């Protein structure tokens, strides 16, 4: 048999005796006990005795802690999450991102690569620029043959020179997708460079 829940009247009577002062806390009389037991027998769809609000009132000191305030803070998201419907999925809403095409495919994901110079040459830039761009044909260690741009003024490489190349195209030279690193292997740095010396492999000048 399931336990019977106390009625509202029994809860009020119990609360009355609990809140009495200490000099009035005498044992219950026989009639009060009988009334309390009769009230407890009547089935009611009320909260159980454990749910009666006999606890202390909430003070402002109990909720002033930082942990309580952080837990009470509202979790806000500017972009609500809505799952795609079946029709949206069938129409093709879930499309993967395109893979970015690399500008230096011969490096195969490496930052630099060593190679041997096959020949040096001069390339004319495209319009509206004009001039002579120093380039070199390089055979890399993986067997690929590429064209690299030689930065800076003057160079000393020739056929069979060992050089180091990196990714990076020459903006006004079609087909030139690589740069030679100055100051690495057989390619020396720019001689009389004052600014941006680290890009051109120039050592720091000795102070007089």
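Here the Cβ of each residue, glycine as well, is placed from N, Cα and C on the backbone.
No curator has checked TrEMBL annotations; they are predicted automatically.
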Annotated range (TrEMBL: region 'Disordered') out of 61-102, 103-144: 61-102
Residue counts (helix, strand, coil, in that order) that DSSP gives for the compositional bias 'Basic residues' (91-101): 1 helix, 0 strand, 10 coil
